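Taken from Swiss-Prot as is:
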| type | residues | note |
| --- | --- | --- |
| SIGNAL | 1-20 | signal peptide |
| DOMAIN | 199-395 | domain 'Peptidase M12B' |
| BINDING | Asp286, Cys390 | Ca(2+) 1 binding site |
| BINDING | His335, His339, His345 | Zn(2+) binding site |
| ACT_SITE | Glu336 | active site |
| DISULFID | Cys350-Cys374 | disulfide bond |
| DOMAIN | 403-488 | domain 'Disintegrin' |
| BINDING | Val405, Asn408, Phe410, Glu412, Glu415, Asp418 | Ca(2+) 2 binding site |
| DISULFID | Cys406-Cys435 | disulfide bond |
| DISULFID | Cys417-Cys430 | disulfide bond |
| DISULFID | Cys419-Cys425 | disulfide bond |
| DISULFID | Cys443-Cys449 | disulfide bond |
| DISULFID | Cys448-Cys474 | disulfide bond |
| DISULFID | Cys461-Cys481 | disulfide bond |
| DISULFID | Cys468-Cys499 | disulfide bond |
| DISULFID | Cys492-Cys504 | disulfide bond |
| DISULFID | Cys511-Cys561 | disulfide bond |
| DISULFID | Cys539-Cys549 | disulfide bond |
| DISULFID | Cys592-Cys603 | disulfide bond |
Amino acid sequence: MIQVLLVTISLAVFPYQGSSVILESGNVNDYEVVYPRKVTALPKGAVQPKYEDTMQYEFKVNGEPVVLHLEKNKGLFSEDYSETHYSPDGREITTYPTVEDHCYYHGRIENDADSTASISACNGLKGHFKLQGEMYLIEPLKLPDSEAHAVFKYENVEKEDEAPKMCGVTQNWESYEPIKKASQSNLTPEQQRYLNAKKYVKLFLVADYIMYLKYGRNLTAVRTRMYDIVNVITPIYHRMNIHVALVGLEIWSNTDKIIVQSSADVTLNLFGNWRATDLLRRKSHDNAQLLTGINFNGPTAGLAYLGGICNTMYSAGIVQDHSKIHHLVAIAMAHEMGHNLGMDHDKDTCTCGTRPCVMAGALSCEASFLFSDCSQKDHREFLIKNMPQCILKKPLKTDVVSPAVCGNYFVEVGEECDCGSPRTCRDPCCDATTCKLRQGAQCAEGLCCDQCRFKGAGTECRAAKDECDMADVCTGRSAECTDSFQRNGQPCKNNNGYCYNGKCPIMADQCIALFGPSATVSQDACFQFNREGNHYGYCRKEQNTKIACEPQDVKCGRLYCFPNSPENKNPCNIYYSPNDEDKGMVLPGTKCADGKACSNGQCVDVTTPY
């Protein structure tokens, strides 16, 4: 039986009072009225787009001039972004809006190297910026025919609950497998390549029915709230070499699709099940987060599965819309996503150069946008041990359904490279303004690209990982390093297995992966359970019916292992999860007898599976 780690986060609650404008709550002690002046960089006579790629505003804070530089967050949305809501009679309505001309920006303050900004410019400037180490909020004042904005320090927002909030970590029988510590030394070439690769999290957000009611049954208001939150999350993860893109948004505008309740662990379990059985069938994504207007029991404001990324059920989290200040909700969501990505709560010794950090167990009223050294170590260990594959997959050019956007780090149709904005790009091979290769460059990235040129034909670009793999070489005509491997069916691991698609699957290794380093394969008698045709033993499924193994096929069904641990001396053990029944089956290509290997639940001649 596997254990699941449910990780909760608790924080002070700011009750919603009917408006998204913080000033109207009466919780701001002191603010300054400013009149931001836009400084245009467009040449005279040029056509000005609704929302420019870069903008600059000037205003005064504490009597001192401030210049705010903004760049559009071009990676905010994926190219196949979709939105779903429901009609009063329950009909699903899905649209694919064009979102490249959006109004969400990141930025900095001129002459302040430590400054940051996350701003919505949809109707005036709304968001936060960091100036000389202090956090400020800015939002338009609701005055007729006026460009007046309010600027106030975050510390001047009165907190309605100053009591410390503790975070709880619970364990439940039906949960994701615990994080296993990995050695930081002696990485295999495959692990090192994985660590160096860019990571992409394709995020899907869901707003429940209470959120819809909370924002006045206004789809635009709910949508704006979600956009504001993701605009804060993306730069937090960009520092970790993780690109977060919003692939979809769903608003439960007629009724909830699950029973959202104050018990956070029950709600998370229901949401994970709904994602696995419903949402994933409609929309491909890597991680889903539910934003709810309900109050969870106790101080809990969020909950997530530790290490669940890429799992059909456990790559999920739930977050309470606990504050009028959207960046506090965004940090809570970034925290829950951090748990999905293998990060545990920070200890007292953890540091990020400021306090607190994103993965603090109890979020104080001091906002932080940095991961601690402990979080970075947790994440690295998780990646090394598990190597989740979904976050390596960036959108394919052929999947793009809206116009390409230069500067979003995704190479799309019509682009030769994409290294981000002109300010952030550090790629000497790529012209960030056009997303084309610079003059004389043949490539910008790839294992067969070196200093903007193709490596010579025959140059080794990837070493053989094991005896079933082959060293890969460059062609001299491409930046790609095509993967190749030894012929299938070739004996491997001292004749204990046969090569299968570049790997050598044997039962002994599979038992160790499931039950730990001391595990061994069970005796032959245990495999006779596979003749029963139930969840304890079967060979394959047909139309969701478990088919019992024939006598000669029993070693191609469920894998039986002996954990050989102090707490488990049972000689016949299976790995079983009701939400992922196929995990724990003998892998395809595994040797089941001399000259035979498993294929579709049958022990067949070794040449047949290939």
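Keep in mind that glycine also has a Cβ here, set from the backbone N, Cα and C atoms.
Taken as a whole, the domain 'Disintegrin' (403-488) shows an average pLDDT of 87 in this prediction. When secondary structure is read from DSSP and collapsed to three states, Cys461 (disulfide bond) falls in the strand class. Other C-beta atoms found within 10 angstroms of the C-beta of Cys474 (disulfide bond) number 24, with every protein chain shown included.
Checking each of the disulfide-bonded residues (Cys448, Cys474, Cys504) against Cys461 (disulfide bond), the C-alpha distance stays within 10 Å for Cys448, Cys474.
Counting residue by residue with DSSP, the domain 'Disintegrin' (403-488) contains 0 helix, 15 strand, 71 coil.
Annotated pair Cys419 (disulfide bond) and Cys443 (disulfide bond), C-alpha to C-alpha distance, rounded: 12 Å. Cys448 (disulfide bond): 25 other CB atoms within 10 A of its CB, across all protein chains. Sequence-distant neighbours of Asn408 (Ca(2+) 2 binding site): residues of the same chain at least 6 apart with a C-beta under 8 Å from its C-beta are Lys74, Gly75, Ala245, Asp418, Gly420. It is 37 Å from the Cα atom of the residue listed as 'active site' to that of Cys539 (disulfide bond).
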